[in-house]
Structure formats: structure tokens, C-alpha cells
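Trainee: The following feature annotations were taken from TrEMBL:
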type: ACT_SITE; residues: B:Lys209; note: active site, proton donor
type: BINDING; residues: B:Ile14, B:Gly15, B:Leu16, B:Gly17, B:Thr18, B:Val19, B:Gly20, B:Gly21; note: NADP(+) binding site
type: BINDING; residues: B:Lys109; note: NADPH binding site
type: BINDING; residues: B:Glu194; note: L-homoserine binding site
Number of protein chains: 2
Amino acid sequence: MSRNDYPPVKVGLIGLGTVGGGVTRVLARNAGEISRRAGREIIITHAAARNLDTTTANTAGMKLTGEALEVVDDPEVAVIVELMGGYEPARGLVLRALANGKHVVTANKAMIARHGNEIFAAAQAAGRMVGFEAAVAGGIPIIKAIREGLAGNRIEWVAGIINGTANFILSEMRDKGRDFAKALAEAQALGYAEADPTFDIEGIDAAHKLTILASIAFGIPLQFDKVYIEGISRITREDVAYARQFGYRIKHLGIARCDEQGAQLRVHPTLIPQQHLLASVNGVMNAVLVKGDAVGQSLFYGAGAGAEPTASAVVADLVDVVRTLTADPENRVPHLAFQPDALSDLPVLPMESVETACYLRLQANDRPGVLADVTRILADRDISIEAILQKRPKPNASASDVPIILLTHPVREQRMNEAIATIEALDSIRAPVMRIRLEPLDSD
Amino acid sequence: MSRNDYPPVKVGLIGLGTVGGGVTRVLARNAGEISRRAGREIIITHAAARNLDTTTANTAGMKLTGEALEVVDDPEVAVIVELMGGYEPARGLVLRALANGKHVVTANKAMIARHGNEIFAAAQAAGRMVGFEAAVAGGIPIIKAIREGLAGNRIEWVAGIINGTANFILSEMRDKGRDFAKALAEAQALGYAEADPTFDIEGIDAAHKLTILASIAFGIPLQFDKVYIEGISRITREDVAYARQFGYRIKHLGIARCDEQGAQLRVHPTLIPQQHLLASVNGVMNAVLVKGDAVGQSLFYGAGAGAEPTASAVVADLVDVVRTLTADPENRVPHLAFQPDALSDLPVLPMESVETACYLRLQANDRPGVLADVTRILADRDISIEAILQKRPKPNASASDVPIILLTHPVREQRMNEAIATIEALDSIRAPVMRIRLEPLDSD
């Protein structure tokens, strides 16, 4: 069957808060790409929320109810997305959805950490899937990475910055010399911390996530009650400063380690070497470092919370479910991610049409007027300059050989090629112009 | 069926060089974990190499041949692992393996970048899988991350450090002020660069990988011949230094970007902001930064080459294939990564038995003898001290309140608990001891 022959997969959403809104938005906005990848459309047909009046999600076309059970029991729904959070009634609803023959996708780390063993056994018995990528580290596909991508390894340890609120507070304490209370207040003002921040700052949320990571890394049942948990509320700004003097940063880590004796599961503030990549993970970002015996250290970094990053993980799980429902096992994941009949004929643009800022290094005669000539050539082509560095000649170079270095604002390659050719034709320019393109790597 | 009912999956290996040796080693060493994950054993039963005498791989129990075709045509073999590299005869062998009904796992980026469209069409027609996780960024599961983990996103761009040799050379130029030729010679001496380093330093290897990344990110056919390619051989140490003065580092990046007009595919030296996480990826390490519209920026970091990191990716693909052959679609990937009947009852250790180095902060009376008392208490318990910091009192603190900060060497939690309790019982200690555990995060 080609993908156009499959009817859409109907999803029932439980919870229309921040993440629920993100999921509806991402599924709608990327509907085309998603069905090109999954092999069929994924649409939310049913949704439940405690308070339907307050949701800002676009629920057009959905059958709405205040009663989650109605969605879970609706025979039309093939997959339940559970975004209500908490232990109950989430657990009961998920078990019931599985009993009803539905697949489940959830972002509920508390429920998985505490009731996952029971839920997975029920899913296994029912021949249904429970996707929980969104339960750990938001948009970072860390469950998939460990469970599948690193499946050849004996995982020795996992260390993660898996609570953005705590990481934001520690980053503020370090970067701005704030004390804990002030940094917490700022996190609350910015919406990064709840009015009652206990779960985040006392490590309970991180412990939920660590429980899950440890199980998939080591193949042990979920054991939330065995995690050692210590929060960050006792850390002072002096501790942050002293740690720095020793060459360390304080991060709130979830650490799981495994050897023949047993497994360690612990969440606590931790000094880590400041030159380690993990020490550079700042603000609300998350990162998980995995040590496998074959792969060595791998780091997975990204947004650990927020409506759309979490939605990214939820939708990935939906695509996973749908790919499995739709394809022969061998063609579950298309080789090039998109279904073979859905590849795009989008052109690859010629380099001349690419636009980047540029670094230019010129070797010029040290005589007045060179810089004026060069800047004129650039100005004539509407290439604006961000910075200029004119160096004294190197001691061993001829006295007349002076490097001029420029940074330009973004410019089309073609126009820059012309400018460089014109500059190289100047008598006062001694060597080919060195051009290195610049990428700000910001979120444009 | 439980996993014990499935016979082993028989793999034929083509190529017994460095990576081939890594694959045999990892499959043997982690056989238990791998079959607990995959649901059945994976064994290499056949292997081919041009020169069987020179291989250092442990080939005990394998049927060996100098003729790759024999392995590809052997009806006993279910999966071919192609590690010979290059365009031909690899392409012909892979196509033949697919025609023979075998699945294929390959680390061959050149072949996939150039002939992938043909190979994937053949695989699709044959209902067989071609795994190529090892073709891009070695042990980093970046193919899986983009193809599955970020499947909810419109991928806007991908920027990667995907050639370890080039990154090593640029890192040496920056950190040690070396010029290009010297850094290259060092890379060659260390075995990071080949005698003919052209593929690595002129960007061709990176372009192969970028071709693959762009296709799975944007859903376009593989188009290696449209990649703009520029190497690093013209970069001088002055360029590195000037870039630093502007606040940038020079990295050799593969960049793919996509909008309505078309796709950009380019490999070139690039200035990137020095505070960006990607700028801290040094030496032979690889990293791929992916910008998705929902997830934002995600970074995937790890070893991009080497026998065992590459083997990690090859074996992950093998597990992927085997999970699909073995399980009902719904139970393809076990929820907790390991088959439900293969979870371990390894104990979770009590915190008292965990061993870490510690940071201790004490608030002491400023009188002679406190430090002697404290160090005696630690020495009595065989806790050795790595560093001590004794601060003058804070201006606003009582003059007798002096912080003492210590770093210890690794010590068992229980012994440290006792030491802390004893220290806190001293008359001269004014407040609870602050203890923060330390993790070096090195590759132990």
C-alpha cells in the first residue's frame, strides 16, 4: 500500500495545558512533513481537559470533553496521548486505554517512574506500545538514543542535567553571583519555576527521570524508591565561588552507575570539572552524558522542557507508533526518514546564492589608501562591515606586508566573490584573499 | 515466543580491518547484554577479507574467505555487515546481498552518499533493511536521532563537526598555536590522519556525511555532487588567532539548511561564536547540531571514528534489524530496552556504599587547632585530602567565623558520614558541614 491508502490515525489527547497546546500546534503546523515521514496522517480527533474554558490550544475539529474516560473509552481513538501528569488518575486511565487496545504516548515521568513496571507489563500483555520519550529531558531523544542507538554497549554510567529549573538557578548563581533565594525568585518570575518549586529544587523531578534512564541503561526494573535524592536549596553562592577556585562547577546531576556489585541511583549537587562539556550546559537546557564501553562518552543536549520541545518528543513517539502500525516491519523507518514516494524535489541551491557573513584576511602593502580602496569596493557592492582589524607587520615579514582582517555582515556569496576578485586585482594586494564564512548558529 | 526460542541470527562480515575487529570484539564482549536487548543472539558466522593473514580480529568459529562474494551468496547468512569502504565493489556486493534476501548494515559513507538512492530503492523492493548509522559521526546515533527522534520537527538546519581529523588539526592550531602543516603531521603521527589525508582535510569525507544528513533531515534524495566543498588546508594559525580576537573559533563544518527556495549543502571552515557549545568540541570528537522548529537546537556529541565507537553504531543497527525480525511490531523495542524476561535483579546499592570525592565547607571558629582537629578526624578514617582552602572571615561575618573548604580524594559515603558527624561535634565548628560530591566524569 502506498501511504495515501492508509486512513489517518486518530489520536485522543488528555490534557490541554501548555504541552497539550504544543502538541496540537506542532501536529498541525508540520502535518505535511509528519505524514511524509509516518506514512499517514496523524490527527487529534478527541481531547479532554479538566477546564475546557481556559485552554488556549486550537481545538477546532476535535470532540471535546471534560471527562478523560470518555476519550479513553472511545472506540474511534487508536492512540491516547496522556499529558495530565501526576500519579493518579493518569495511571488508571493509561491502564484502561491499554486494556481498550489503544497505544499510549505519555510525557508523565512521575507515573512512569512509579508505575512503569505495571504499565509496561500491561502493554506487553495487550500487544500495545507505551511511548514515553517526552518523560525524560523534553525534546532530547535520549530514550531512543540509549534504548536503540547505543544498544551495542554495556552502559557503564549516565550523568544528566535533567531538571532545567535547578540548572537555571545554579547557572544564575554562578554567572551573576546571586544567592539561591534570589536566583529561585528570578526563575519563578521567568516562569521557569512553579509557585511551589519543591519538585524541581529538591530533586524529585530529576529522580523520576533518573529512575527511567537507569532502567533503560542497565536493564533493571524501575525503582524510584531506591534513588538517593538531594536538592540544591542548601548551596550557597560561596560554594559556587569556592568550587570555581578549585576548577569545578556545581551542577545538579542525576547519576546512575552500574557494575557487578550493583547499581547506584543518585540525584545531588555535584562538582564537575569546568572544562567538561557538561559544565557548559547553562540556563534551562538539559544534557545527558552516557558512557558506553564501546562508544565512550556521548552527550545529548537540548531543551528539557517547554511546550514545543516536549511536543517534539510526543510527536516522535506518535510517528514511531504510526510507522509500526502502517509499514511492514522491514520498512518501518524509511531509509531517508521520509517515505520513498514522499521525497521532495526541492532544488539544491548553487553556492552563489548562499548568504553568510564573512571573515576576510588581506595581505596589503602598508601604504595609505589600501583600506580606503578595500572598503570602497565593499561599499560599492552594499557589503557592510562589522569590524576591521589592521595589524602591524609581522617581525619576519617584509615591512610592507600588512594583514587587514574584516568581518562583514551577511552577504550573498556571488556578490562577495565579485568583491574578492576586485580586491585581488588591486596593486596593493599581495596574495589571494582568505575568506572564511561565519555562522552565528543562533536560533534563526 | 520467548527470546530463548529464537535461533541466533547469523551475520556475514565483509572487511576485517580496524572496524571489523571492533565489531567482532564488541559483539563477543557484550553478547549477553546484546541478546537481552535484541531478543536473540547475534553471531558472526562468516567473514571475508582481502588479506586474511594480516587481520588482528578474533575470527574463531567463523568461516573465513578471501572472496566477499562467497559470504554474500551464502544462504546461511541473514545479515551482511559491509565494512570494506569505497564505492566499488562495495556497491555491487550490497546490491547482490539485497537481491539474495539479506539485510545489510554498513559503515560506508562514500557508498551511501553516492549510491544510496539506488541501494535504498533495491532494499525497498526486496523488503530488506539497510542500516547505515555508522556512516555518519561514528558512535553518535545521529541518523536515528534525526530520522526517528526528531520526526515531529521541520528540520531547519544541521551543522556538524563530522570529520575528526580536521577537527583535531584545527584544535591543535588553536590550542598550541601550531601551523597547519605541523598539526597535520601530528595527526598523522597519532594515527588520526592517513598518509594521504586528502579525503579528511579537503572535506570530501565530511561532504559524504553531510549528503546523508541533509537527505534524512529534509526528505530530499542523496545529492553528493551538489555539495559545496572546501577544506582546511589554507587556514593559517594567524586566521585562528584573528578569529579568536573577534570572539570566534574556526571549525570545519558541514552545514545543511532548508527553506522554501531550496536546500544548501556546504562543507567549509566556519567562524562560530566561541561561547557556543559546538565551539567546545575539540580534538577528534564529532558533534552534530540540529535545529528543529519545535525542539530548537539539539546537540549530539561523541566519538566520530575509531574501531569501537564505529562498532557501537554497527551493532546498534544489527540490534535494530534483529528486533524487527524477532518481535511483533508492537514489541519491537522493549519498553525498558531489555526484553521483559531479561531484566536483571541487580541490587540498587545503598548510598552508604557509594564512593565519591567530596567538597566540604566548614564554618569554624578562627582559632589555632581547628584545621588540625579536622585533618586528624579525616586521617583517622583514611580520608585523604586533595586541597584545602582557608578563607579570611567575610567582612559582614563575626570575626571568629572562618570558612574552611576541603577537597577529598574518593571515599566511601559511610566513612564520610562518620567523619562529618565527628567534625560537627567539635566545639569549634559552628554550623552543619556542607558536603558536595565530586564527579571527575572521566572515562573510568
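Using N, Cα and C of the backbone, Cβ positions are placed for all residues, glycine too.
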Trainee: Given the binding-site residues B:Gly15, B:Gly17, B:Gly20, B:Gly21, and counting only Cβ atoms in the protein chains shown, which has the most within 10 Å of its Cβ?
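Mentor: Per the Cβ count, the most surrounded site is B:Gly20.
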Trainee: So for B:Leu16 (NADP(+) binding site), how many other CB atoms are inside 10 Å of its CB?
Mentor: 25
Trainee: Counting only residues 6+ away in sequence within the same chain, which have a CB under 8 Å from the CB of the residue listed as 'NADPH binding site'?
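Mentor: Same-chain residues close to the residue listed as 'NADPH binding site' (Cβ under 8 Å, separated by 6 or more) are B:Phe132, B:Ala135, B:Val136, B:Asp205, B:His208, B:Lys209, B:Ile212.
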Trainee: Let me check the 10 A CB neighbour count of B:Ile14 (NADP(+) binding site). How many other CB atoms are there?
Mentor: 27
Trainee: Which whole-number value in Å describes the distance between the Cα atoms of B:Gly20 (NADP(+) binding site) and B:Glu194 (L-homoserine binding site)?
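Mentor: Distance between the two Cα atoms comes out at 18 Å.
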Trainee: For B:Gly15 (NADP(+) binding site), which DSSP three-state class applies?
Mentor: coil
Trainee: Return the count of C-beta atoms lying within 10 angstroms of the C-beta of the residue listed as 'L-homoserine binding site', excluding that atom itself.
Mentor: 13
Trainee: When a 10 Å sphere is centred on the Cβ of B:Thr18 (NADP(+) binding site), how many other Cβ atoms does it contain?
Mentor: 19
Trainee: As a test of the contact definition, list every same-chain residue at least 6 positions from B:Val19 (NADP(+) binding site) whose Cβ is closer than 8 Å to its Cβ.
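Mentor: In sequence order, B:Leu83, B:Ala107, B:Ala134, B:Ala307, B:Thr310, B:Ala311, B:Val314 meet the Cβ cut-off.
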Trainee: How many Å lie between the Cα of B:Gly15 (NADP(+) binding site) and the Cα of B:Glu194 (L-homoserine binding site)?
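Mentor: Cα-Cα, rounded: 18 Å.
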Trainee: Suppose we draw a 10 Å sphere around the Cβ of the residue listed as 'active site, proton donor'. How many other Cβ atoms does it contain, all chains included?
Mentor: 26
Trainee: So around the NADP(+) site, B:Ile14, B:Gly15, B:Leu16, B:Gly17, B:Thr18, B:Val19, B:Gly20, B:Gly21 aside, which residues have their CB within 8 A of the centroid of those CB atoms?
Mentor: B:Leu13, B:Gly22, B:Val23, B:Ala49, B:Thr55, B:Ala57, B:Leu83, B:Met84
Trainee: How big is the Cα-to-Cα gap, in Å, between the residue listed as 'L-homoserine binding site' and B:Gly21 (NADP(+) binding site)?
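Mentor: That comes out at 19 Å between the alpha carbons.
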